[in-house]
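K.L.:
One structure is given below, represented as structure tokens, and several questions about it will come after.
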Amino acid sequence: MFRKKFRGLLTPFRNCLCIFTFILLLFVYNVKKSHKEEVLAKIPKSATKYISFKEHQKPNPLHIETIKRAIAKYNAEERIKNLDYFGPMKSDAPIFVIFVDNYMIHLKYLLVSLVQVVGIDDALIIFSHSSFDENVNNLIKQIDFTRVLQIFYPYSVQMSPNEFPGFNAGDCPHDMDINTAYSINCTGADSPDIHGQYRHPLHAQLKHYWWWTLNKVFENLSYTKDHKGIFTFLESDVYLAEDFIYMNSHMKTLSNYVTKCEFLSLENPSFTNFFEKQTYVVDITTWDPKDHSSVLSFDSSVWSTIASHYYHFCSIDDYSWSRSLYYLSLNRKDGGRFKVISSSVPRAFKTNSMTGVYQDIEELNILDVIHNVMYMQERNKGYSFPPFLEVYLNIELEDDDFVIFDYVDNNGGWSDPRDKNMCNNMTSNKIKKVIMDMNHEFHQYDLNP
């Protein structure tokens, strides 16, 4: 009897809860939709073409050999789009390197933000593609506000679906236990990762792709090889504020005077206070990949330091490039972890809040972030492009010798000798150049008095 009465009370409560939830979701949806209308009304007309760009469904995907030829041509030609209009780049001009996947909705709004960044016409944007997609290429062809260069990672799973570095039929399956792997004698049986799992090509590609991009940009592109300016490496799911280049430049100048900071960061994943007006405040701390990875700026001298410690990056059992760079930072020969100067009020904002949802809903989530950024920029109109910067030093007091790399947080996925060798080989030209330069310096001394 009691159970029947309880069920009778529970049913209307559950119905009310469902109705309340539906009304709440409808309210949130309408708010986000109104934000979309406000954002689209404020976007410059010159940028609307990126949002309205329509993808074309191709019935027959390109053959792998066709894609390989196209990639080889792109990488060999180093064709700078819009160079005839904007002219040669200055030796200290800003360079943006954008890591591009096939998820175009984020990229569209990144382009919208780049149009509005002051000084973007002096810059070069390099799009580093993890795969070849004609829709993405056609979107990038629409760019007319600065110089553009496309490079393509040639060792992707897309290019090698049935062989290393892609999926090889003889490789040990990712989740296979060690005893079974030994019994079937699959490739990699004797090199499981820190978690007892085997290589996953898509995981390994994340680190290879980032490392290849840096080697390509700093060492193998004739247009950027000796560039003296700042390189900003960013993912495609961010939205930039209009004074991004201005802040990046001033923070770089400041870092040379206050203390040696290798990295600049204008993105803060924990930032939520869009009412903050202290746009002039910057912090100097030791670099932590959890806080400063999505948008990271540095110059060629920092790259030389990273490349000279390539072994640490390539050897650590972690497929995350940021965790691997952190391990390298802890093991630098010249002492001291990498330091970063970052703005308290960021100038880059993550738009990738949700994944695996309908595209229309995902777009509303992106626009919600952009709405907040636009509101902050309007509210702080007099505080953008600050004439001075206020610095706070937050360097940890503990000695670097006592800071250890926490292997518990390791992702693993990087124990296969083939991955480590491939990673090392990407930097071989740089190391040879360093050795040649050292030999040249030694020959300057007369060893026979």
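For all residues, glycine too, the Cβ spot is worked out from N, Cα and C.
Unlike curated records, TrEMBL annotations are generated automatically.
Per TrEMBL, disulfide bond is recorded for Cys172-Cys186, Cys314-Cys423. The annotation Mn(2+) binding site is assigned in TrEMBL to Asp237.
Map the listed features onto the structure and describe their local environment.
P.N.:
For Cys172 (disulfide bond), the same-chain residues that are 6 or more apart in sequence and have a Cβ closer than 8 Å to its Cβ are Ala181, Cys186, Thr187, Gly188, Ala189, Pro192, Tyr198, Arg199.
With a 10 A radius on its CB, Asp237 (Mn(2+) binding site) counts 22 other CB atoms from all the protein chains.
The Cβ of Cys314 (disulfide bond) has 22 neighbouring Cβ atoms from other residues within 10 Å, across all protein chains displayed.
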K.L.:
Any same-chain residues 6+ apart from Cys423 (disulfide bond) with CB under 8 Å of its CB? Would you list them in sequence order, or say none?
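P.N.:
Residues satisfying the criterion: Lys207, His208, Trp211, Tyr310, Phe313, Cys314.
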K.L.:
Hey, what's the Cβ neighbour count for Cys186 (disulfide bond) at 10 Å?
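P.N.:
Excluding its own Cβ, Cys186 (disulfide bond) sees 17 Cβ atoms within 10 Å.
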